[in-house]
């Protein structure tokens, strides 16, 4: 469950990115004078296949929730999460099989394109796909109508049926074959044009890994080794995550296609990867043990926290990698410019350093879930795993990492406000005071009164009981985020009005810019926590609190990604000239912004002056 949610989050971000890039690529192809229907049809194929995979993978992941909800009410309730009903289990099984078949078709198509449409090359994977279809048909027969779990566990060992082994063999053989063939074709093409096969080794290796869906192939091999060879129950964890891992491999190829980097892109640029779930089924929270049901025993709100935090951490991780790469590119571009300003370089370095620090603190905070989940000891029928509360020491460390992340996130948003306000110190007095107040509350919450706690917020009679210091800390961070969001939104709207544009012109696009620049996502999450915890005293606030570091990281990484565009720093130019109204004339710093100003107003004059803080003018 934890692995599947984490991998689904990564898949979701990559899907959005790859879909946008594919649409941009398609529009570019449509604008060209020489229309090539084959390329456009291929692009549409990848888009449609990606959308269908998204529906199947999302539906399969959503079917976790019938096990978790509704949550019973009462004091100290620990729920036994049962196995899926027969109909829901069958639905999950069908969705998994659909995802595999879709991925296999796209992967075979990808190999066909890269091999210059050589039909002989794809004969073997097509035969393997037919074999996989036969196996899943047999696995859906009457003998399995009463089975609610895919694989039996007897004395801690997996017991796979012959058709399970057949499905595993078929899917692994296809993925290994396609990965090897695509890797060989790419290397052969490099040698043919006189380039070293492994030149620029890391970049080339990364290219082959993406193009050949090696991630999914490795996952499948781990599945078959742990399941068929060692008969370890850990294979069930790999099996649950197969569709999402499949989607990740496919969307990585889509990203390359959308950027025009993929092999054979001028002909087709094949996106999706073949990821085959090895065992043709999927396993949930219960398992068949010698004919009896076995259950995980877990607090329902902990289960929600695990799902939400893993989902948000996966999104944060992808955005962190993307924003870090973009910031490094931006920094190299500044260093290549003649007379680049040290202020810009220091600003980029600040974003890079704080981003890395947030990555470490958020990752450490998320990793503490594993201390609760692992190791899981199976002891036979009945309750096989009880997920306990963290030890006092582990809880204290988790609390420290959460506070560090919040402080880092608030510091970055305050710095962002200071930059956008043209270095106006008065504007950041309130959030700085609020940050100092939060630090004071965090220190007080670390006092002796809380040394014996093993959860972030005490729960009494099913109600969250916030201490005065909890309320003060929450009020401080909420006030900071709300203030910063409102002020940044006001600055952006004012800047647009200054250049003659409507404050809300641009509809959805402008709204997205405002949300990213003002860290509105983190602000809304804080408000939800404040309302749920202080207003309704609902336990769901504890789950929201667990996710707060990752959500803060998502907001910060979105801001960092914006730095790929022109930096909105404020520089003081030559002495300003008088306008007709006697005021100081201001102009926009960057050429693109100046062009925008001239296009909107027609009044631009290129004279030295005090510069206006530039917000994105798109």
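All residue numbers here begin at 1 and follow the chain in the order shown.
Cβ atoms here come from the backbone N, Cα and C positions, even for glycine.
Features of the protein shown, as given by TrEMBL:
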TRANSMEM  6-23  transmembrane segment
TRANSMEM  44-64  transmembrane segment
TRANSMEM  94-113  transmembrane segment
TRANSMEM  120-143  transmembrane segment
TRANSMEM  163-187  transmembrane segment
TRANSMEM  208-230  transmembrane segment
TRANSMEM  310-328  transmembrane segment
TRANSMEM  400-419  transmembrane segment
TRANSMEM  426-445  transmembrane segment
TRANSMEM  471-492  transmembrane segment
TRANSMEM  512-534  transmembrane segment
TRANSMEM  540-559  transmembrane segment
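Beyond the transmembrane segment (471-492), the same-chain residues lying 6 or more positions past its ends with a Cβ under 8 Å from any Cβ of the stretch are 406, 410, 413-414, 416-417, 420-421, 427, 430-431, 434-435, 437-438, 441-442, 445, 513-514, 517-520, 522-523, 526-527, 529-530, 533-534, 613, 615. Using a cut-off of 8 Å between Cβ atoms, the transmembrane segment (310-328) and the transmembrane segment (6-23) share at least three residue pairs, counting only pairs 6 or more apart in sequence.
The transmembrane segment (512-534) is in contact with the transmembrane segment (400-419), judged by 3+ CB-CB distances under 8 Å for residue pairs 6 or more apart in sequence. With a threshold of 8 Å between CB atoms, the same-chain residues lying at least 6 positions outside the transmembrane segment (426-445) that come near it are 399, 403, 406-407, 410-411, 413-414, 417-418, 467, 469-470, 472-473, 476-477, 479-480, 483-484, 487.
Tertiary proximity for the transmembrane segment (400-419) is limited to same-chain residues at least six positions away from its ends with a CB under 8 Å from its CB atoms, namely 347, 350-351, 354, 357-358, 361-362, 364-365, 368, 425, 427-428, 431-432, 434-435, 438-439, 442, 446, 456, 477, 480-481, 484, 487-488, 517, 519, 522, 545, 548-549, 552-553, 555-556, 559, 568-570, 613.
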